[in-house]
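Chemist: Reproduced below are the annotations present in TrEMBL:
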| type | residues | note |
| --- | --- | --- |
| DOMAIN | 16-281 | domain 'CN hydrolase' |
| ACT_SITE | 56 | active site, proton acceptor |
| ACT_SITE | 125 | active site, for glutaminase activity |
| BINDING | 131, 208, 214 | L-glutamine binding site |
| ACT_SITE | 181 | active site, nucleophile |
| BINDING | 370, 371, 372, 373, 374, 375, 376, 377, 484 | ATP binding site |
| BINDING | 460, 489, 494, 495, 496, 497, 643 | deamido-NAD(+) binding site |
Ligand SMILES: Nc1ncnc2c1ncn2[C@@H]1O[C@H](COP(=O)(O)OP(=O)(O)OC[C@H]2O[C@@H]([n+]3cccc(C(=O)O)c3)[C@H](O)[C@@H]2O)[C@@H](O)[C@H]1O
Ligand SMILES: Nc1ncnc2c1ncn2[C@@H]1O[C@H](COP(=O)(O)OP(=O)(O)OP(=O)(O)O)[C@@H](O)[C@H]1O
Ligand SMILES: NC(=O)CC[C@H](N)C(=O)O
C-alpha cells in the first residue's frame, strides 16, 4: 500500500504536532540567543511541528535584573528579533519567543508570535510576580497598564494585548493562545478565558527557577489547567545559562492534553532540548462539545470573550506519518500493573455495591445466576459471591445453575461445575435440551425432529430456555436474576433479545468490556482471595476459547467449544478499541482505523498488560483492522440499538462509558449505519486503488 495517501498523515485525523524548545541561553547576548532560537525552530519545523514554544524573555535571558534598563540591551533584542524573523520566513510554523519590549514609554515582558517572517502578534505578561525571589515590577509594566492595542517592534506594526488568538484555517481546531509564567499561578489564568473563547493550545513562556518540590507543583498546575480548560497546555521553563547568582534553573518543558502528560523534558540537562507531542485537537473539541458546563462558562463571560482578536496564520498541514503519541492497545485496560490493579479494585467495588444495593431495595437475600464456564458468568458469579460475603449472608444464597445445551463442551461444563463447587455456592444442573427440543417442535423447526438445522432460531431457543428457567427460579426462590452480558456484547448486539441473555433483573457486567473482564478475573487470582482451588479453575476458564456454545461441532468432538465468537464478530481486542473511540469521542471510522493501525500493527512494540498470555499478544494489519471495523459499524449502528434501548439496570463502571439508554448512550433504534459505512468504504476503495 502506498503511504502517500492523506490517511497516513496525523494532520488528516485532527492531530497537530506541537513542540517546546529549551535553547542554550546567554545573559545579555540577544544575537546568540536569537541564533539558538532560530536553529531549534528550524529543527522543530523540519520534524513537522506547527507551533514551537520558547522560554520567557528567551532573547535577552530572564535573569538580567537591572540590565533590562539598558537601552543597548533592548536595542540588541530588537535586532535579534529582526534577524530571527528574516531567518525563519520560510518555516511553516508559529514561533513563540520571549522578549523585553519597549512600548508606550514602559517595558513589557512579552511573548512575540512570529510566522512566515512576520510578527503576527505580541502578548504582554498579565501578572508580574513581585514576591519572595521575584522583582518583575521593578522592571516591567503589566498588560493591564497598556493603553493601545498595537505595538511597533522590529520595524513592524503588530497586534498587542492579552486577547489574541492565533488560528490556522488549514488545520481545523488549531487555535493558539499565549500567556507567561506567573499568569498560570493565579486563581484565574488568562488562558482560562482564552480556552472559553476557543483556544485549544495554551502556551506558557516561563522562566521558573527551580527549588525542591517545584517541578511536581508545575506539572500539577499544567495538568490541571489543561484538564479544566479541556485544552493542550505547553510549558517551557528557562534552562542552562540563566544566572545562578541567587537561583537555579532546570529547563522544565511539558506538553499536557486534558489532564494527561504527553511529553516532558529531561530536567537539569546539559544539552538543548526539543520535546514534541501530537496533540489530538479533535478529541479536545469533541469533549468540549459534550461537556455542557463548558458552554455555560462561555455564556457567563461572553462580554470578555467577545473582545478576543483572531489572527489567521498561513500555516499548512505538513504530511507527517510517525504519530508521536502512545495509543494504548487496550483503552479499557491500563498497561501499568499498579494502575490496572487500582482500576480492577474500583470495578469490583462498583459491581458489588450495585448488586448489594439492589438486593437490599428489592428485599431479597438470594440471587439466581446461569453459570456457563465462560468469562462473563464467571465474573458475575464472583461479584455475587462477594456481595453475599459483604452482606454477611451464606454463599449458599447464590443459586447457581449450569444448564448444558446441544453444544455445551465437556470443558466448559467441567469448569462451570468446578467453579461453583470451589466457591461454595448452591450448585445445580438443569439439562435444557428436553425443553429446548419441545420448543423447537412447537415451532415446527426441523431441529425439533433431530435435523441438523443450526440457524439463529436454534441458537436463541437455547438462550431463551435458559433465561426462562432462571426467571422462574427467581420467582420460586424469592431471588433476583443476575445478568452476565458485558459491554462489548451489548455494543455488537451479540446477545439474545428479550427472553434471552439480554434480560436479567440486574446486570453487574453491563458496562464492563470483555477485554477488562479477563483482567478482573486475573486480578482475583493475584489477590489470592479465594485460594488455590478457585484459582485453578479461573486459570482454566481464562484459557478457554470464547464461544456462545449454541451450535454443535460438525465432527461431534464436544470437548472444546465449537463456535468461535471472534471468528464471527471479530477479535474483542479490536472491537473494544473501536467501541471506545467511536462512542467516547465520536471519531470518524477512518481515524479509529488510523489509531488502531498505530496501536496494533507491531506486536513487539510498546507494552502489553502484564499477565496477558504470549499467544494473545498479536498484531493486526490495516486490512484486517478495516474489515472488523466495518463489522463493528454495521452491528453497532444498524442492527443492535433496539437491544440496548431495553437494557436492564446495572452500574456504570468505567469513564469510557456505558451503553445504557438512561446513561451515557441515547440513540434511536431505527438509525442507519450508512454514513459510517460510506466513510470507511471510501477509504477502503482509495487504498485498494492505490494498490
Ligand atoms: N430494530 C429492531 N427493533 C425491534 N426488533 C428488532 C429489530 N431488529 C430485529 N428485531 C427483532 O429481533 C430479532 C433479532 O434479535 P435476537 O432475537 O436477539 O436475535 P439475533 O440478534 O439475530 O441473534 C442473537 C445472536 O447473538 C448470539 N448470542 C446469543 C446469546 C449469547 C451470545 C454470547 O456469546 O454471549 C451470543 C447468537 O449466536 C446470535 O447470533 C429479530 O428476529 C426480530 O424479531
Ligand atoms: N451452559 C450454560 N449453563 C448455564 N448458563 C449458561 C450456559 N450457557 C450460557 N449461559 C448463560 O447465558 C449467558 C450468555 O452465555 P454466553 O455463553 O454467551 O456467555 P459466557 O459464557 O458467560 O461468557 P462468554 O461470552 O465469554 O463465553 C452466560 O453468561 C450464562 O449466564
Ligand atoms: N517568571 C515567573 O513568572 C516565575 C513565577 C512563578 N510563580 C514561578 O515560581 O515559577
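The backbone N, Cα and C atoms fix where each Cβ goes, and this holds for glycine too.
TrEMBL labels come from automatic prediction, so no person has curated them.
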Chemist: For the C-alpha pair, I'd like the distance in angstrom between residue 56 (active site, proton acceptor) and residue 460 (deamido-NAD(+) binding site), rounded off.
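Modeler: The Cα atom of residue 56 (active site, proton acceptor) is 67 Å away from the Cα atom of residue 460 (deamido-NAD(+) binding site).
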Chemist: Across the record's L-glutamine-binding residues 131, 208, 214, the largest CA-CA distance in angstrom?
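Modeler: Taking every pair among 131, 208, 214, the longest Cα gap is 16 Å.
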Chemist: Max Cα distance spanning 460, 489, 494, 495, 496, 497, 643 (deamido-NAD(+) binders), Å?
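Modeler: Looking at 460, 489, 494, 495, 496, 497, 643 as a set, their Cα atoms extend up to 15 Å apart.
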Chemist: List, in residue order, those recorded positions out of 56, 181, 208, 376 with a Cβ under 6 Å from any atom belonging to ligand 2.
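Modeler: Cβ under 6 Å from ligand 2: 376.
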Chemist: For residue 376 (ATP binding site), identify the closest of the binding-site residues 214, 460, 496, 497, judging by Cα separation.
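Modeler: In terms of Cα distance, residue 376 (ATP binding site) lies closest to 496.
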Chemist: For residue 370 (ATP binding site), identify the closest of the recorded positions 125, 181, 214, 643, judging by Cα separation.
Modeler: 643
Chemist: Ten-angstrom check, please: count other Cβ atoms within 10 Å of the Cβ of residue 181 (active site, nucleophile), all chains counted.
Modeler: 28
Chemist: Can you tell me which of 56, 125, 208, 372, 489, 497, our recorded positions, come within under 6 Å of ligand 1 at the Cβ?
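Modeler: Those recorded positions that pass the cut-off, since their Cβ is under 6 Å from ligand 1, are 489, 497.
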Chemist: Filtering 214, 374, 489, 496 (binding-site residues) by proximity to ligand 3: which pass a Cβ cutoff of under 6 Å to any of its atoms?
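Modeler: Among the binding-site residues listed, not one has its Cβ under 6 Å from ligand 3.
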Chemist: Kindly state the mean pLDDT of the domain 'CN hydrolase' (16-281) in the predicted structure.
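Modeler: It averages 97.
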Chemist: Using the centroid of the Cβ atoms of 131, 208, 214 as reference, list every other same-chain residue with Cβ within 8 Å of it (recorded L-glutamine site), in sequence order.
Modeler: 129, 132, 133, 134, 185, 209, 211
Chemist: For the residue listed as 'active site, for glutaminase activity', find which of the recorded positions 181, 372, 495 come within 10 Å, Cα to Cα.
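Modeler: Within 10 Å of the residue listed as 'active site, for glutaminase activity': 181.
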Chemist: Between residue 643 (deamido-NAD(+) binding site) and residue 484 (ATP binding site), what is the CA-CA distance rounded to a whole number of Å?
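Modeler: Checking the Cα atoms of residue 643 (deamido-NAD(+) binding site) and residue 484 (ATP binding site) gives a distance of 15 Å.
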